[in-house]
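Okay, here's the structure, questions in a sec.
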Amino acid sequence: MKFMPELFTQSSARLGTLSELERTPDVVLETPLLMLYTKRGSVPHITKEVLEMITPEKLLLTMSLPTTFDMTDPVRQFKSIADFVGLKEYPVFLTMEDPAQPTVSGYNDEDTIAVWTRHGKQIINADGYMDIVEAFRPDFYLALYDSDTHSGSSSKRITKSVDRSIKMLDKCLTRHKASEVVRNKGIFGAVGGGYNTTAREMSIKNLEGKDLAGYVIDGLHNNGPETEKIPFQFVEDIVKHTISLLPQDKMRVTMGAWNPVTVINLIKLGVDLFDSSYPYLVTERSCALTFLYHHSETGESPMISISEKRYADDFTPICKDCKCLTCLNHTRAYLHHLYQTKELLGAVLLMIHNIHHYLEYFKEIRNSLRNGTFRELETKIYVIFAKNDSAN
Amino acid sequence: MDRKQPCRVPLTFKIAETCSTSKARTGLMILPHHDVDTPVFMPVGTQGTLKGLLPQQLEKLDCQIILGNTYHLGTRPGTTILQMAGGLHQFMNWKRALLTDSGGFQMVSLLQLAHITEEGVTFRSPYDGSECVLTPEHSIEIQNTIGADIIMQLDDVVHAKVTGPRVEEAMHRTTRWVDRCLLAHQKSDEQNIFPIVQGGLDPQLRTESAKLLTQRQVNGFAIGGLSGGESKNDFWRMVHLSTNVLPVDKPRYLMGVGFAVDLVVCCALGVDMFDCVFPTRTARFGCALIRTGQLNLRQKQYKYDTAPIDDSCDCSTCKNYTRAYLHQIVTQETVACHLLSVHNINFQLRLMRDIRDSIKEQTFPQFVRKFMLELYPDGEYPTWITEALEAVDIKLSK
Ligand SMILES: [Zn+2]
Ligand SMILES: [Zn+2]
């Protein structure tokens, strides 16, 4: 595994490349990167055949423990979880929480973590977790830790979480280094500490000198659609402070369904990896993102809700400038009909468009960093969303 | 054929080969939007979409024609929207051939208060409770707006188990209605009306129905009123009898039939077109079709099964996914439904391709024997299959 950040002088934002993964050596990914959100091993609504139509790139897939926990035993018969779910050409990042689903709070213990699966609560410790990791053989994974903190957590609870987490990390690292099958994979450490600066510093101090592929800046939210509503200002100081203490040569991840304004700002602070739970949640609300092809003169909102009656006889695509499979082939009227009739193709077509849209957004962000036009893009995105409080 | 030129005859049927033993035949049906190899299975896309599959995926499966339901489409999105869109092809962006039913059968089966008079199918609107009538003229008007390559006459549907004068009345009414449909038809250079052979399970009535309809100026025929719960013994006899009367040089469409074994038997009896919701409906419940029956992937036995659904299948599902993974996501993720729909549709289309190839190579009887032995390895064939095939000189091996 190789991560090469190129640093930028004007802001903390950086471009980088991720390559030389053990299992998928041909994959080269550019950061800031949008990882593809999966649920039970699949991009929701999207089969491999359709995924390949959305993009030929073999993007990094995020898989979360709650939605894959039940698969552990059968996965052992396969080379990796990627092989098991039929996406073996794609690299995988195993995370502990489902970013699209609010995390149930209050069940973690001294050295165990509660994982909420389809069949209820499962309790695992670091050893149990590493057994799963050895079965899954993800290309990247997050060391087990206590993530049960958020903006409202008491400092006592936060300190406890930081203490527990370092013990779990050490156990995971010991197993990691000794394991034939995962020692060449990338292990990430979670930076916890909620919104408490001291606890953050403690957490980072604990991670210092450990052999990690990168850091997940966690404890900023409790997952699910609520994450979209978090304004950048709310997380700015703590993320900025956290990143200032992290080494430059390691990847930084913030999981969750951040809105596009917060995303571009987090990139400005130096975050490298995000997941696509946001376009997924937008799809589940029968909405289509339009902010990237926004024409300010028409006063359009950054997304449209295809359920609205006014689209029943609108024979234009979601975005006339969008080159996705949905926009090239289908109209808003057809999408509205599929919504009305609750047909499965509706979510498929919206997901194709929304993923494409968000991938294009990240491409544009990378281009703007390359061309020195990041500030213009940032302003454009800010203006579009400032007019519309709905998504911000 | 240049499709930009409006073709004066919207259907040309060319038989390439006829089985020298049975009544099976293979050919090409040239329609305004696409050429269709027969015998053909048509997947059902009731509401202008086929169970989560993109038109591009259907094309990749080499699906040449799909079916839409007039009752559903007339309700949602409705004819105004379809008219504005320029027809269903445009609306759903399906570039190949389409067939629509008349809407009558759907009404009678879906709406409890529907009943039939000489005027048409009378029903209470499920929306405002007002009394409405679907006349033969109205059905054709809607189907003209939808714009399918093949459209169906409105027929007087009688449940398969009904006997007595009602069956005769329905048969004659169906014949009167086809004339009203043909008269109302506004696009006879772009769309083909198929009349529907009725007559219940009465050989005389069915023969008479087929004879009467054959006198009409049409490009193909449907065989209706079957696959509604009648015995298999009656079923195959009615199909056999219908194809005996219907002209050899026009396509014959057996409505609502699509189980693999029925497809094989009815091809032997000389049927060219089939449709059925079963392959896609069963996919939703986690069932995958294979030559020896079907797999219910919800069952525990597949948890550790690293095989694809069918290792001889060339679909994208079987190439990439295992039974073990499908077991984890069936009825949980829509992806599972899409994956099984792809496989099940490919299963049906591949079966039809195999049937066509065997007819072309004059090996159809051997194909039938092999198919049946695979399905009934002990050689204990149901009597109706043995009898139906013997009626067209195919003897099954023990
Ligand atoms: Zn698009
Ligand atoms: Zn298959």
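Cβ coordinates come from backbone N, Cα and C, glycine included.
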State the residue range annotated as region 'RNA binding' by TrEMBL; the candidates are B:115-119, B:225-229, B:280-284.
B:280-284
Looking at TrEMBL, B:Cys313, B:Cys315, B:Cys318 are annotated for Zn(2+). Which of B:His327, B:His338, B:His343 sits in that same site?
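Looking at B:His327, B:His338, B:His343, the one TrEMBL places in the Zn(2+) site next to B:Cys313, B:Cys315, B:Cys318 is B:His343.
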Since TrEMBL lists B:Asp101, B:Ser102, B:Gly103, B:Gly104, B:Phe105, B:Gln198, B:Gly225 for substrate, which candidate among B:Asp62, B:Asp155, B:Asp262 does it give for that site as well?
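Given B:Asp101, B:Ser102, B:Gly103, B:Gly104, B:Phe105, B:Gln198, B:Gly225 bind substrate in TrEMBL, the matching entry from B:Asp62, B:Asp155, B:Asp262 is B:Asp155.
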Under TrEMBL, the annotation region 'RNA binding' belongs to which of these stretches: B:88-94, B:130-136, B:256-262?
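Of B:88-94, B:130-136, B:256-262, TrEMBL gives region 'RNA binding' for B:256-262.
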Rounded to a whole angstrom, what is the C-alpha distance between B:Gly103 (substrate binding site) and B:His343 (Zn(2+) binding site)?
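For B:Gly103 (substrate binding site) versus B:His343 (Zn(2+) binding site), the Cα atoms are 29 Å apart.
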What residues elsewhere in the chain lie close to the region 'RNA binding' (B:280-284), defined as a C-beta under 8 angstroms and at least 6 residues from its ends?
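Same-chain contacts beyond the ends: 43-44, 50-51, 294, 331, 337, 340-341, 343-345.
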For B:Asp275 (active site, nucleophile), list the number of other Cβ atoms lying within 10 Å of its Cβ atom.
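Total other Cβ atoms inside 10 Å, all chains included: 22.
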For B:Asp155 (substrate binding site), identify the closest of the recorded positions B:Asp101, B:Asp275, B:Cys315, B:Cys318, B:His343, judging by Cα separation.
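Sorting the recorded positions by distance from B:Asp155 (substrate binding site), the top entry is B:Asp101.
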Select the most exposed residue of B:Gly103, B:Gly104, B:Gly225, where exposure means the fewest other Cβ atoms within 10 Å, treating these as the binding-site residues.
B:Gly103
Which value in Å gives the longest Cα to Cα span across the substrate site residues B:Asp101, B:Ser102, B:Gly103, B:Gly104, B:Phe105, B:Asp155, B:Gln198, B:Gly225 as recorded?
16
For ligand 2, pick out the recorded positions B:Asp101, B:Gly104, B:Phe105, B:Gly225, B:Asp275 that have a CB under 6 angstroms away from one of its atoms.
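Result: none.
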As a test of reading the model: what is the averaged pLDDT for the region 'RNA binding' (B:280-284)?
94
With every protein chain in view, how many other Cβ atoms are within 10 Å of the Cβ of B:Cys313 (Zn(2+) binding site)?
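The answer is 20.
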